[in-house]
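The following features are taken from TrEMBL:
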type	residues	note
DOMAIN	B:16-431	domain 'DUF112'
TRANSMEM	B:21-45	transmembrane segment
TRANSMEM	B:57-78	transmembrane segment
TRANSMEM	B:105-128	transmembrane segment
TRANSMEM	B:134-154	transmembrane segment
TRANSMEM	B:161-178	transmembrane segment
TRANSMEM	B:190-211	transmembrane segment
TRANSMEM	B:313-337	transmembrane segment
TRANSMEM	B:349-373	transmembrane segment
TRANSMEM	B:385-404	transmembrane segment
TRANSMEM	B:424-445	transmembrane segment
TRANSMEM	B:457-481	transmembrane segment
Amino acid sequence: MLKSIFIGAAVASAAATGALAADFPQRPVQVVVPYSAGGSTDLSMRVVADTFERLFDGQMVVRNQPGGGGAIGSAAAVNARPDGYTLGAGAQGPLVIKPLIGGTNYQLDDVEFIGLYARSLQVMVACADAPFSDYDAFVEYAKDKAPQVGNSGAGGANQISAEAFADAAGISIESVPFNGSSEARTACIGGHIDAMVASPAEALAASEAGQMTPLFVMEDERMDLFPDTPTAVEKGVDFTWSSWKGVIGPKGMDEETLAWLREAVEKVANDEEFRKTLTDMGEFVVYEDSEAFEARARKDMETSKKVLEKLDMLGMNN
Amino acid sequence: MDSIAFLTPLFEPRILMTIAAGTFGGLIIGALPGLTATMGVALLIPLTFGMAPIMGLNMLIGIYIGGIYGGCVASILLRTPGTPASAATVLDGYPMAQRGEAGRALGMATIASTVGGLIAAVVLATLAPELAGIALEFGASEYFALALFGLTIIASLSGDLLKGAISGLLGILISTVGADPISGVMRYTFGVQGFASGFAFTPALIGLFALSEVFTQMERIAAKEEPIKIVSGRWPSRTEMKESRGALIRGSIIGTLIGIVPGTGSGTASWISYNECRRASKTPEKFGTGYAPGIAATESANNAVCAAALIPLLALGIPGDVVTAVLMGGLLIQGLAPGPMLFQTNPDVVVGIFGGTFIATIFMFIFGMALIPVFSRILMIPRRLLAMSIVIFCFIGSFAINLNPVDLYTMVGFGVLGWGMQKFGFSQAALCIALILGPLLESNLRRGLLQTHDDVVAFISTPITLLFLGLTVLSACWPMIANALAKRRAARTQLHQEAQ
């Protein structure tokens, strides 16, 4: 009800001025990052904000609102006034996985997808002292003994991807949750777990130094950073996974504002300087429009649903 | 030597200015309750995008060092820990300020922070690769044993053992609110989304120490008690320095060792250091009454953590605490991957960071000492007005961290709790320690049992675990041991006297 009043007001003012899009934005656009400052979602969004201010005559402010594994900040973005001035950093965990586990006051259907600007690719790595050091040995080992695979937290994207792969490959693993991927990585380099899912940035230097060994990448094609590491797909397992970085907003924004924002994200994502900075940070910079972005989110949701059902975590916190 | 040559760029005025600005900014951020070093570093990272690595990284390190130091200001003057790292400084800093020795308390804190920072920086620059291995030894059972050892502080901190134990257990209970660390199930949140990740730590701390103090002071103001006297000065007396010498060294070493272990941080380090220095002291009963060595113990330890946490980061690519995790982001943005290779591929950066740690610590000393009279003046604000401003700060500080209204309820709730505890002689410090160590204890106990398939023996039988478990038993029984020793000594002197 309240929403439709806002929409009505927005449409009316659009009609009155004739060209709202040209007038947007008239004040700073705020983007809610659902994690505390300093993580990769936050840092990449700050680069987006920098680029946005450079390309357009407008201000973009990043606001951190952590808590509840990203659910609090995401709720703030999804339930914001749909005027285009409050957007959110679209992150996989809080948007796709949390609503399935339960306890969030939003669903994926409440999310307006604006554009995806980067993906965090994922690599399964063997940790120090692990009894396997390549894909075949890993799968062979996992056939009769469940390797301990560390993840960034119970019910997080990391755990989902490891379990989903195990499901697809017909092996079993034992998930060991940590408080964040940095703690899992410490345990991995220290040899306290057998394997973990890492981002290329987390895995590259460590594998060059012999602290971990990449087993396979979770993409359709091999990665430039790990040319010798196979994909699960080429090993005959139909499994890909990556977490993503995009811009989302509340449903109910008027068409012109939405179109302006979508175009803006596309321009930012294709900006040379932006691509360079983000690539240096270890991100895989790629633009996907709102439709492709939403389709990706829905596909991830299907995958997550299966895994959570198996782990008995579906609707656990409802 | 080549490595000396890598230090020359640090002395370019532009770079020196940047480090100074970072340290000064960090100091102010740390001094304001609720604004933490982590936040300062994270928010200013984008500024470093365009800087040369040495300049950008050292600015961030300056903010870190200044921020951890700055926390002592609010702890001493207002009983409000500026950062969680300085919560233990409240114990002796605030009573000193109440006695009118705020300047000397701040001076002691500045000297201790400098000593701790410099000792850890020397260790960083000389032994980083050798010591980094310690970080790798810690698995679930080792963290569990360390946390358990830490919790025994409660026994010796509280005069009344039963009340101390109750406070500690209450703290552990409170720390279980939120998502279960192993299964992700929500516990004790009563459906409040804002509690999903537990009570936010800094608002809880602000409430527990600062708001509760305002309540207590309101009562005193109502009862027309004498206001705090101001004594100028910033240098601790010769006796104080002499008494604090042991605490300074011990605190620096404890801070350095705990800083190397990832995931523990300066809050844990300062509490453990406080306890160990108290235990080693000839006059342990003076701790907690406004005793300079108490400040020396906590402040030397928490600043030693800063440089020490850089050891696993640079040598292994493992961040030692939250701030160094953010710093790792800063390194990656510069295209530098921290880890064993960094020492070979970018020795200039490594040496530059070593040098920057020293320079930032020196700047911290200069600014800290210079600002003491300015800070002390806060106490000249009339008590009613000061109480009002502290309340405002409590609210701003608690809200600024997560912009989460629930954090305000947390702060007020803990304020009332802390006030009640103070009134009935329960130790707020014990609760605070349990809040810091509870999650470390629980998640590692559960993770360790998960990994060993509930084999308790396998879980607690590694060498480091056994060492800490042994220390735990020793520490828990210490009051009894100390008592027995004192009796024996007394008996012997008596015998001696009788013989004469």
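Glycine is no exception: its Cβ is also placed from the backbone N, Cα and C atoms.
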Exercise. For the transmembrane segment (B:161-178), find every same-chain residue at least 6 residues outside the stretch whose CB is under 8 Å from a CB in it, and list them.
Key: 151, 154-155, 186-189, 195-199, 204, 421, 425-428, 430-435, 438-439, 441-442, 479
Quiz item: When you scan the chain for residues with a C-beta under 8 Å from the transmembrane segment (B:424-445), skipping those not six or more beyond its ends, what do you find?
Solution: 84, 87-88, 90-91, 140-141, 143-144, 146-148, 150-151, 153-154, 157-158, 160, 163-164, 166-172, 174-176, 181-182, 198-199, 201, 204-205, 208-209, 212, 263-264, 267-268, 271, 417-418
Quiz item: So are the transmembrane segment (B:190-211) and the transmembrane segment (B:385-404) touching or not, going by 3+ C-beta pairs under 8 A with a sequence gap of 6 or more?
Solution: yes
Quiz item: Which sequence positions outside the transmembrane segment (B:57-78), separated from its termini by at least 6 residues, show Cβ-Cβ distances below 8 Å to it?
Solution: 10, 15, 18-33, 36-37, 40-41, 44-45, 47-48, 51, 84-87, 89-90, 93-94, 96-97, 102, 105-106, 109-110, 113, 117, 210, 213, 266, 295, 299, 302-303, 305-307, 310, 323-324, 326-327, 330-331, 334, 349, 352-353, 356-357, 359-361, 363-364, 367-368, 375-376, 378-379, 386, 390, 393
Self-check item: Segment-segment contact (the transmembrane segment (B:349-373); the transmembrane segment (B:21-45)) at 3 or more Cβ pairs under 8 Å
Solution: yes
Practice problem: State, in range form, which of B:21-45, B:105-128, B:134-154, B:457-481 has the highest count of Cβ pairs under 8 Å to the transmembrane segment (B:385-404). | Solution: B:21-45
Practice problem: May I ask for the residues of the chain that lie six or more residues beyond the transmembrane segment (B:134-154) and have a Cβ under 8 Å from a Cβ within it? | Solution: 164-165, 167-168, 257, 260-264, 268, 271-272, 274-275, 311-312, 316, 318, 320, 427, 430, 433-434, 436-437, 440-441, 444-445, 447-448, 451, 459-460, 462, 464-469, 471-472, 475-476, 478
Practice problem: Calculate the per-residue pLDDT averaged over the domain 'DUF112' (B:16-431) and state the result as an integer. | Solution: 88
Quiz prompt | Chain residues in Cβ proximity to the transmembrane segment (B:457-481) (below 8 Å; excluding those fewer than six residues from its ends, i.e. six or more beyond) | solution = 137-142, 144-146, 148-149, 152-153, 155-156, 161, 275, 279, 448-449, 451
